[in-house]
């Protein structure tokens, strides 16, 4: 077409073959995948069998429970292969759809390579910092008695950190790989049936979920089993099994590190492109969303994959890894205090719970079946209702599986009924998860009053829409906080009354009860991630349909799926915030135990009446607000560049609006890619360096004033206040952004004047304000909360 432009041979888009630019010359595959694809098939099969045999051997040498976990994870990977073949067997539709999908795929893979290349360099640099700290730190009495020296501990922690970072990166790549191939297949299916399109999107999301959760579980299990065999755990003169989980903390930190930068970079990319495309395209030019005339449309669709899919995969991977490790630490500590003969059940319980998660979520995914509605282009059933049915199936099975797991692993002769109390803790967690999903759905789904009220406020202008959205977001923090508070108190009380006593006769199961509740909340994580991945896949499918100029009836189907996807993404973020709150509570307790072990001093509470400790709390709250401000500012700054570029193209190429000239899509992709990589550094560095610098400075002040634990106490206060402030801020940002988005979607269904009306333009303004809230700052915050907890746990020695 570019040659036609130069020669003046111009006709309308409709009269020409629809072609779209490839943003890369050839598809990109990470180096590790390139190596695998070059290996001979038979050789690869032999290597795979040898690796499988080695894993099972190490598992058998550790515990039958570990073998069970390995078996379930391998079965989940086989199931994911089945889902892959099923999704890829679906057709890609007409050539114009495939061309658009190829452009999106090439842009997403190009950005992924650049972004993760940058992250990997920072991870290697941080690994050297961790190595240096651990080589010169003190050792705990447990490490001294087991003969585990500083150098061994240092290299173990660094290896775990790098493995966690690598697995988190792979999880992100899998999420993106799935979405860029499923989007066009959902678009094609929407030409035939809404239910078929729904099923493809769900199974594509399920494929990603199985791999992400399975990798998180098997990664921790392999590390645990390898260290168990290599260090000769529980043999005379060696490390005790109850101390082994502390060596896994680096794995969680590596996962958190990658997830934070993936979420920041991807969030800045997707929302800067989205805001720029909407402000100029919808408001100034009055063209539809995802219109092929908009120069930023490809960048917007690429952003859905790198921001919502790749980043969310890394995010949930990190959530599960951090929760598993913290629960293993607390389980080992409690078993040690209670003098339980075989503590392996309490330590390995989190791995078994998440193994069952893979099983029950697989059933939930398969329960959503596709049927073709012949002669009808409209859905005969609400897609959200279908997804909720699958979620209900998953929850029922999760309750049964959780009861079986607690009776199997948590039964002890010292307290025969303790397993029942812990089963009830798990039930509290499952109910909490369902409550979070329901609350978020209530505040973000346009079928309910809050979003409809927000949409109605658009009728009186842009300002009233913003005011209503902010007030809705602030109000939405109340119910989740009440639910979290009830969950923590209930689970702690159930754990305390379980009958487990320490050597002094005091009840000691409270913290572990809270850990079990967190496991219960995440016991359906694979299905929740499936619903989350469904959202950006449906969004991309709608964009492909619009750009390929398909009939309006097809776009109606993808619009419905997109609106449901906005709600599922919001509910998943609410779910992630709730789990982050509980997981951070557990990691905070583990941090206090770690400080006590290194300092040989009791560290049971944090007194905020001490001025320095109170200042630490203020700094923690400030960190949350400053991080959010920088994340939103990064989106705004990059969006301004996109707006200027889109305006420039419309002015300099007037034929774009008449389909006589093709927009330069690649220019907008280049702008947001380079800007997002640059802008993610500042807030990310703030998150990593703040607790280290603050802890070290107050440590020096404590040495000068004769307060040996001052640095550790200030960091504990920082972590406590940052967690509380971060939860509330994330709830506000995620819910307000989701509500603004669906208020716009509600108006686009034809309500209050429909598309192009003044009411719709006001709603678009609200949506653009909410974009950095819900897809950049909000999701990054709950990753930040858990990363602060893991980094303080890993860096605890430098605060002493």
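Each Cβ is built from the backbone N, Cα and C atoms, and glycine gets one as well.
Looking at the stretches 101-118, 119-136, 137-154, the one that TrEMBL records under the feature transmembrane segment is 119-136. Only pairs six or more apart in sequence are counted, and the transmembrane segment (119-136) with the transmembrane segment (65-88) gives fewer than three Cβ pairs under 8 Å, not enough to call it a contact. Nonlocal intrachain contacts for the transmembrane segment (507-529), taken as residues 6+ away from its ends with a CB within less than 8 angstroms of a stretch CB, comprise 205-206, 208-210, 212-213, 312-313, 316, 319-320, 323, 326-327, 330-331, 334, 337-338, 346, 349-350, 353-354, 356-358, 360-362, 364-365, 390-391, 394-395, 398, 401-402, 406, 418, 421-422, 425-430, 432-433, 437, 487-488, 490-501, 571-572, 575, 578-579, 582-583, 585-586, 589. Long-range Cβ contacts of the transmembrane segment (65-88) within its own chain (Cβ-Cβ under 8 Å, at least 6 residues beyond either end) map to 52, 55-56, 59, 178, 181-182, 185, 200, 203-204, 206-207, 210-211, 213-214, 217-218, 221, 224-225, 344-345, 348, 351-352, 355-356, 358-359, 362, 365, 409. In this chain, the transmembrane segment (156-180) lies in contact with the transmembrane segment (244-262); the count of Cβ pairs under 8 Å, excluding pairs fewer than 6 apart in sequence, is at least 3.
Within its own chain, the transmembrane segment (613-636) is flanked in space by residues 264, 267-268, 271-272, 275, 606-607, 675-676, 679-680, 682-683, 686-687, 690, 694, 698, 710, 713-726, 729, 733, 771-773, 776-777, 780-781, 784, which lie at least six positions past its ends and keep a Cβ under 8 Å from the stretch.
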